[in-house]
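Below: one structure, written as structure tokens.
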Amino acid sequence: MIYYMLLILPVVLAQDQQHTTESLSTKHHQQQQLSHSNAIMGEAGVSNSQLMQPSTPARTLRPLTAGAGGDPSLYDAPDDCHFMPAAGLDQPEIALTCNLRTVNSEFDTTNFSVIPAEHTIALHILCNDEIMAKSRLEAQSFAHLVRLQQLSIQYCKLGRLGRQVLDGLEQLRNLTLRTHNILWPALNFEIEADAFSVTRRLERLDLSSNNIWSLPDNIFCTLSELSALNMSENRLQDVNELGFRDRSKEPTNGSTESTSTTESAKKSSSSSTSCSLDLEYLDVSHNDFVVLPANGFGTLRRLRVLSVNNNGISMIADKALSGLKNLQILNLSSNKIVALPTELFAEQAKIIQEVYLQNNSISVLNPQLFSNLDQLQALDLSMNQITSTWIDKNTFVGLIRLVLLNLSHNKLTKLEPEIFSDLYTLQILNLRHNQLENIAADTFAPMNNLHTLLLSHNKLKYLDAYALNGLYVLSLLSLDNNALIGVHPDAFRNCSALQDLNLNGNQLKTVPLALRNMRHLRTVDLGENMITVMEDSAFKGLGNLYGLRLIGNYLENITMHTFRDLPNLQILNLARNRIAVVEPGAFEMTSSIQAVRLDGNELNDINGLFSNMPSLLWLNISDNRLESFDYGHVPSTLQWLDLHKNRLSSLSNRFGLDSELKLQTLDVSFNQLQRIGPSSIPNSIELLFLNDNLITTVDPDTFMHKTNLTRVDLYANQITTLDIKSLRILPVWEHRALPEFYIGGNPFTCDCNIDWLQKINHITSRQYPRIMDLETIYCKLLNNRERAYIPLIEAEPKHFLCTYKTHCFAVCHCCEFDACDCEMTCPTNCTCFHDQTWSTNIVECSGAAYSEMPRRVPMDTSELYIDGNNFVELAGHSFLGRKNLAVLYANNSNVAHIYNTTFSGLKRLLILHLEDNHIISLEGNEFHNLENLRELYLQSNKIASIANGSFQMLRKLEVLRLDGNRLMHFEVWQLSANPYLVEISLADNQWSCECGYLARFRNYLGQSSEKIIDASRVSCIYNNATSVLREKNGTKCTLRDGVAHYMHTNEIEGLLPLLLVATCAFVAFFGLIFGLFCYRHELKIWAHSTNCLMNFCYKSPRFVDQLDKERPNDAYFAYSLQDEHFVNQILAQTLENDIGYRLCLHYRDVNINAYITDALIEAAESAKQFVLVLSKNFLYNEWSRFEYKSALHELVKRRKRVVFILYGDLPQRDIDMDMRHYLRTSTCIEWDDKKFWQKLRLALPLPNGRGNNNKRVVSGCLSGRTPSVNMYATSHEYQAGNGGVIPPPSARYADCGSNNYATINECAAAGGGRGYKPIPTSASAAAAACKFNTMNQLSKKQQRDLSVAGMAKTLEHQHHHNHQANRRSQHEYAVPSYLPSAAPAYDSVDYAKQQIRNNANCECVNLGTAKRAAGKNPASGLPSSFSSNFVPPGGASYNCKKSCSCIGDDELLCSCGGGGGIGVNLLESGTQSSVTMSSSSNNSRQPELTHYESNLSLNDDEDEDHDQQKNLWA
């Protein structure tokens, strides 16, 4: 780097002016899109100043050496980029990194041609991941960078990699394309064929995190030098799409299997021959693979590392790893694997080194699976379902080089001694989290190299003397969290090298004798046991013990000789016991001890325990019962001391050790400390925790000499005042941070001694710490009747007060005399306050029992509180000379009289409180001298009269309270002369109802309604009757003989009962109408759910729209791909299975590869109701695509009604105008509505064929989609030997029960039946016969049904050759699924309800009455080849001919006329039916018997299907 810095030369300004700035991203040509992008970019917090600005001549050219010649050449990096020398190269080559917003998007136009081609060998492009804008790479974007060797493009939302994008990059070695489209599911990443045709020298290719769904054929074939490929975190579903399948091992033409080859297989076979690459590393983890097929990686002969972890793989073919001759590391972890084929590692037996299978569902483990893998070094089988049944002497045979074996988190209950017979090189064995209850003798004897044995979290109860025989080099043994109640004294006899022993979490009551004389032991963990007593010789012979953990036991005392045999002990943990007594000198025998934990015990005193321990550095004695502490109790070398949660009232330092101690951390929180001073804290302290104590006083200079101080916690104490000297420290150097103090949570008082605290963080002298929680500090106001507390930072100078009794200013010379106005003397029984400047002087005499004005009230009083006394009158000149008085409280003092001169001299009075007294009248001159008065409170007196002009002189009056008096004729309109009045209170008086007065009063009320705060309560009195003044209809004034009269309206009193009844009826009627309107939806739901008035509320079926009746589906659901689980598992599960709706789901049933608009409209038109699940995922993904919007527009134009299901939180700002319009005009149902299902059923049409087992009719949904069967089925046909082609049924399926360890794949070759009659054609019976197959065990009833299924398949295969053209296409590896699956078998015959009898004449009689399906004739469309004795399902029985022969163990079927027909109940539903059988009485789901997943049509109108079924049953 120094070499390059020396080469940087200044550039002449003339040269600078000749070059213009070039940026990768230039301004878009359309101003409208530019403004739109600025708005979006602004939200994302991205600056566009450099990306979007036009070129400017502000570039400084960067010189670069040109090689050996030494001539510098200029390297001109674009403004969006920065460069650095490429690592690991001697030549001055450049690695360029460009940070862009997007690449060629609607916001930016990107020009990569400005990147200098010379010296640029590495280019890294990073886009802004927060911007969801689609980027684009143009053809030949990097064609000029002919020397480029590394190209990395990340976070750019690319949708396609064209075939000419990489043109010109012939020298490219390393390519990384990570769009991270996986976070934007709506955007896929597609790669065109021949996209890598130019980059033939590519060695490393990373295409991870791109949301790739599929790949072109042989896309990687041109990369002959490729050694590493990363395809992780995509959406790939078929391993064969990678193009690494070895097709040379597939069957040739002319075989029987070729006749049943599916359309997908033909397409694969017709592609070019498989290419062979020299890949050494392949990562396809985090995809959606569910099957690992045979020969899937067969062409990768040199592959060493294969990672297929974190997929959904549930089945692995026998030859899945065929061709991988050099495979060393295989990672199949975090899948759904249940079993593994026996021959999985057949070709890698001599090369495989590491196998990772953890976090699967493996419950079956073939004993031959791992045998003789003599190069295997690591095997991880943890987190599976393996039981001891599958671990025997053959499981690990031949693993002579195995070093690591992980069997943790399984269900092992026992270990046989022969299991580990060949594992003599094993070093680490993990058996944690199993169910082992005992260990047999010599179980681990063969593993003489084992150094780590983990047996924790099992159910071991006792450790036998011979359980650990042979473990001579064992160094770590974990037996924690078992149920051990004892250990044999000789249990560790052969583990002489043991260094770390974990016995915690057991039920031991004493220290095991087996520990004695274990001279190599370094650590012993006996915590969380039940040990109550430790003998003096408990640790005899443990001379090298380093750490001892005894936490969480029941120890009560420690004797002097307990640890005498542990001279090298350094860490001792005795926490959480019941220790109350520790003998002095108990720890002195262990002179090297450095850390001791005694917290959580019952110690009262530690005097003499630790003072003579010079090596002690760390001591925790918290949560005990200590009442006293002195620094002399601990050694001076101690660095960390924890005393929190004790009962300490002080920190004593009798010997003055504050300068000698080396203590750095001290925790004394949660104690009872009341005072701290300089000697309470050592000078070496760095971290001090004093919070949650009772500290009231912090002495000055407490922290003065604590030069290493970094943090002090004083919060949650009882500090009320704090002197500035209490926090003073020595000056801190500029390069060091000031100490941090936390003092919040204290009951500070806003006195005059604490005002400095408000500004302490702004002091620049660096002699005071920083208060980190200053904003949280509140202080209590000493005298404030409006609020008790105030935030310290909001307090004003007038809030910081101090009390005084007497004070004499320096300029006052009469203080020695009695009559001295400049002397401040607080009256008796009063409290006086002042601020720092004495501008605020408060005299508080409230409730002092004065009967007359207190004498000697200070002349400079600014606020006087004399309320709550017993004055009869306020005499004249009572406040004479108090020229500074601004606030006067004389309320609630029984004042009856005030005089004209009472308030003389109070020119500065602002607030006067005289409420709650006994004042009778105001004569007019009482307030004339109060020209600056702002607020006057006279409420709750007995004022009956107020003279005119009483308030005339109060020009600045703003608040006047007169409510609660006895006023009758006061001319309130005179208050208009007070221009600043904003608040008047007049209620609760006895205002006159005389008409003349009342008119003027009302007029004033109308004009001053905003000022009079209680105008609604103002009323007048007439003949002891009260009336609100604003009431106009209740009274009326008339003039008769010049006298105003008040008349009640008695005319209507006789009509009151009638009016009351009419009013109630009116209110009830409109209440009923309003209730029906408000709850109309609930009433509709109730009527629908109870079928109440259904014939009246809804149209009769004969009035239903004929077009809707012809639609095959009840509803079509559109939703986001991210909400697929919610729709499939919750909505569809309930609507289809519980209610019987026929649904079409977008991502399940619609061909999403077709044009979205047409597919969506076609699917919606095939259903009676269109339902859209609106969520945040839909708004951000699908709705952002034009196709969805146009489809929804078209549906609305066709008057297609839309029902919205609102799922999750919907951000309002992200809902555009179109969606808002649809939401306003459509039915919306919220998922979290408690009546969601009722409302949804009300919004949907009645299901077709209600009451039947309705199949989902997807003819309208699947238009243009190729039907296929279950590609993930588990059966023999999915093997390399068959090439993915389903063979015809043969007799070899009948017997496979003899092979006890056969998988489904091996059933075909197995021989010897196990309780089955030879059924020549039943592959399903073969599957059921396998004892240890990968599928669930079948019941007898299921075996019987499967046998019947085999016969049906036989007849279907006979019809196969005649009607090959009518067969539906099938996936390349698809096989029939004969076992229970998630797909229901509709219209199944319930044989559990039939009465089946064995008959000597082979007559299958009295089968019972079958149920009719959908109310149609079940016999319609039946094949004519049935026996003439056949009775339709509506009849009473099936009678076979005398010549019939029985088929099956329980005579379920009859073969009549030499096999000419089979009696099977064939039910019909709609236009399609499945030949199925059920074994449960409640129509539970059972496998279909058809060879394919297609259904047999029984409609007479379909001639082709009718012919097919006749031939099928011929």
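From the backbone N, Cα and C atoms, a Cβ is placed for every residue, glycine too.
Candidates considered were Cys814, Cys815, Cys845; Swiss-Prot assigns the disulfide partner of Cys830 as Cys845. Within the set Cys820, Cys822, Cys832, the cysteine that Swiss-Prot bonds to Cys826 via a disulfide is Cys832.
For Cys752, the disulfide partner named by Swiss-Prot among Cys802, Cys808, Cys812 is Cys802. For Asn331 (N-linked glycosylation site), the nearest of the glycosylation sites Asn174, Asn230, Asn708 in terms of C-alpha separation is Asn230. For the glycosylation sites shown (Asn331, Asn948), fewest C-beta neighbours within 10 angstroms: Asn948. The Cβ of Asn708 (N-linked glycosylation site) lies under 8 Å from the Cβ of Gln664, Ser684, Ile685, Glu686, each on the same chain and at least six residues away in sequence. Distance from the CA of Asn494 (N-linked glycosylation site) to the CA of Asn174 (N-linked glycosylation site) is 55 Å.
Taking each of the glycosylation sites Asn111, Asn174, Asn620 in turn and counting other Cβ atoms within 10 Å of its Cβ gives the largest count for Asn620.
When the C-alpha distances from Asn230 (N-linked glycosylation site) to the glycosylation sites Asn406, Asn494, Asn620 are tabulated, the minimum falls on Asn406.
For Asn230 (N-linked glycosylation site), the number of other Cβ atoms no farther than 10 Å from its own Cβ, over all displayed protein chains, is 20.
Here the Cα atom of Asn359 (N-linked glycosylation site) is found 12 Å from that of Asn406 (N-linked glycosylation site). Same-chain residues at least 6 positions away in sequence with a Cβ under 8 Å from that of Asn406 (N-linked glycosylation site) are, in sequence order, Gln358, Leu379, Asp380, Leu381, Ser382, Ile428, Asn430. If one looks beyond the repeat 'LRR 23' (707-729) by at least 6 residues along the same chain, the residues whose Cβ comes under 8 Å of a Cβ in the stretch are 664, 669, 683-701, 737, 739-749, 751, 753-754, 756-757, 760, 767-769, 773, 780. Ranked by Cα separation from Asn111 (N-linked glycosylation site), the glycosylation sites Asn494, Asn620, Asn948 are led by Asn620. For the pair formed by Asn948 (N-linked glycosylation site) and Asn620 (N-linked glycosylation site), distance between Cα atoms is given as 82 Å, rounded to the nearest Å.
Taking Cβ-Cβ distances under 8 Å and a sequence separation of 6 or more, the neighbours of Asn494 (N-linked glycosylation site) in its chain are Leu468, Asn469, Gly470, Leu471, Tyr472.
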